[in-house]
Amino acid sequence: MFGPAKGGHFGVHPAAGCPGGVSQPAAGTKAGPAGVCPVGGRTNAMWRLRCKAKEGTHVLQGLSSRTRVRELQGQIAAITGISPGCQRILVGYPPECLDLSNGDTILEDLPIQSGDMLIVEEDQNRPKTSPAFTKYGAPSYVRETLPVLARMAVPADNSCLFTSVYYVVEGGVLNPACAPEMRRFIAQIVASDPDFYSEAILGKTNEEYCDWIKRDDTWGGAIEISILSKFYQCEICVVDTQTVRIDRFGEDAGYTKRVLLIYDGIHYDPLHLVFPDPDTPPLTIFSSYDDIVLVQALELADEARKKRQFTDVNRFTLRCMVCQKGLTGQAEARDHAKETGHTNFGEV
């Protein structure tokens, strides 16, 4: 889990005059807002650890002195493919094996520190497969299940984007109640830089946008994602199930962390890596150098597309829930909202 540069999580207001900025999909962003202080007393510095395995050396992300052994093992499993139960982790010179028997042990209680290189080996004394028995009584072997990238369903309550972003950047915390504060934070950032966040960017005046985004019946999109990418200092990748493409916010900003969302035309869900061991928490934060997870995300989107699990925003049928007028597509809904001020739509 990690917080934004210059501070922690939502719950404080950025200092006046903090720089704004927004990127379009696949475009870079500027540095994030400054002057934000940590919330809840979080002062744990992030650790920089490297792990050396058979296939090469990797940087481990999002760890601190309070990270549990099970979380460390989960990240190593995602990188190396070695399940937590088969891992041997050595450190120091001569290398000594870490005690991994208690998954709740925190890293500061182990003989390691930030900057260390961890040597990861597969324990050859443990079977790579699980024995099973055929009807003839002879043992057969089932191949070990690998971690799977999956969609985490969040409520379809007009705030799915905010709930999804919060889930991934907080390391798997589902908290729909986060949305109002995130909306207010975004409004503050936009209001602080009216020159950049102009009507040409926002599609409405700066003041109108700030009032609009704070309402709980409005949807977030590219502008809000770009602001959150800078605030959390991470690349936010949105995989589209209709076009099977990935829009990468903060791609050129040099962030070391990456999180993923999936979008079906009207709804966002977070993506996380789920491990076979139910005691291993899902992984939501990835290295920005890990392109394998992007391939997995595209495969997930393509699978959803083949099952028609998307909404064509240019052709779907809507009804205005205020005046009951029938509308087709996002453009008609947008025009209707401008003409009437009605913004509560339902899909027919």
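Heads up, the Cβ atoms here are built off N, Cα and C, so glycines get one too.
Of the listed segments 168-172, 263-267, 268-272, Swiss-Prot assigns region 'His-loop' to 263-267. Here Swiss-Prot gives region 'S2 site' for one range in the set 147-152, 177-182, 183-188, 291-296: that range is 291-296. Annotation note: Ile266 (substrate binding site) sits in a coil segment as assigned by DSSP. Computed over the zinc finger (318-342), the whole-number mean pLDDT of the model equals 73.
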